[in-house]
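Take this structure, written in structure tokens, and hold onto it; I'll ask about it next.
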């Protein structure tokens, strides 16, 4: 008889289905028309009904199946009873068929931390920039991002009524990443992707030091990493605090699974153990290829302004 799949693969397979359910909730809230917007820390820090329902759905669904896993979500929500219609119990069979990398085969539930951003790019969601929006479920072990699921609820939304809406990208270190076409940015071009709504003098000073051929300003960390792995941008640069662990955990795992690299602006890796502070206060530098080229050009003045 076949041994049952390793815990990690079961968690990723469940997270895949949970992310698809999340996408349905995101689309339903939008089509119902009442976003229920709440300002958290200010006009660029918003929460909608979709953020709240999706987080409840993801956290409750995963906690029911994996009760000893630590799950940390972006939104501070009262511990409500979650209605059954928010629970997703399914999993992706394809993922269970993949063998678990040996170094993760013995992981126990209490050793995993799951970082959840129910709706990355909330501001863009409220403004109708729907392709910027992602649902992020990142899985960490021993402080490292080792697996991740990114769902784009509105992938293809401009492709006409017959197009299949949405897609789910997933990856595990040592296996690879799936659900998209891995593409490198044009050789010799420096296409910098950065924040759309959190710009500052420092952010811009850092970008100009990299001598960019072009600059793309979009919302969402998940969205920016997708632009890297699909070859639309060569480096994701954000010289500012503001990004949190739930923004970077899933994208980091997927980027690393295909040989890319992400650090803070000073070159430090991110830590994802459950005790860690939530803010990535020294910003973000990520590339699919040529990380050293960009890292070596970050000005010292910028590094000194950002304290990890």
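Any Cβ shown, glycine's included, is placed from N, Cα and C.
Worth saying up front: this structure is predicted, and the values here are computed from it rather than measured.
These came from TrEMBL, pasted as-is:
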type	residues	note
BINDING	74, 117, 119, 120, 247	Mg(2+) binding site
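Help me see these features in their spatial surroundings.
Packing around residue 120 (Mg(2+) binding site) is summarised by its Cβ count: 26 other Cβ atoms lie within 10 angstroms of its Cβ, all protein chains included.
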Once 74, 117, 119, 120, 247 are set aside, which residues in the chain still have Cβ within 8 Å of the Cβ centroid of the Mg(2+) site?
51, 116, 118, 121, 122, 134, 135, 136, 220, 221, 222, 244, 246
Rank the binding-site residues 74, 117, 247 by the number of other Cβ atoms within 10 Å of each Cβ and report the first-ranked residue.
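Comparing the binding-site residues 74, 117, 247, the most crowded Cβ belongs to 117.
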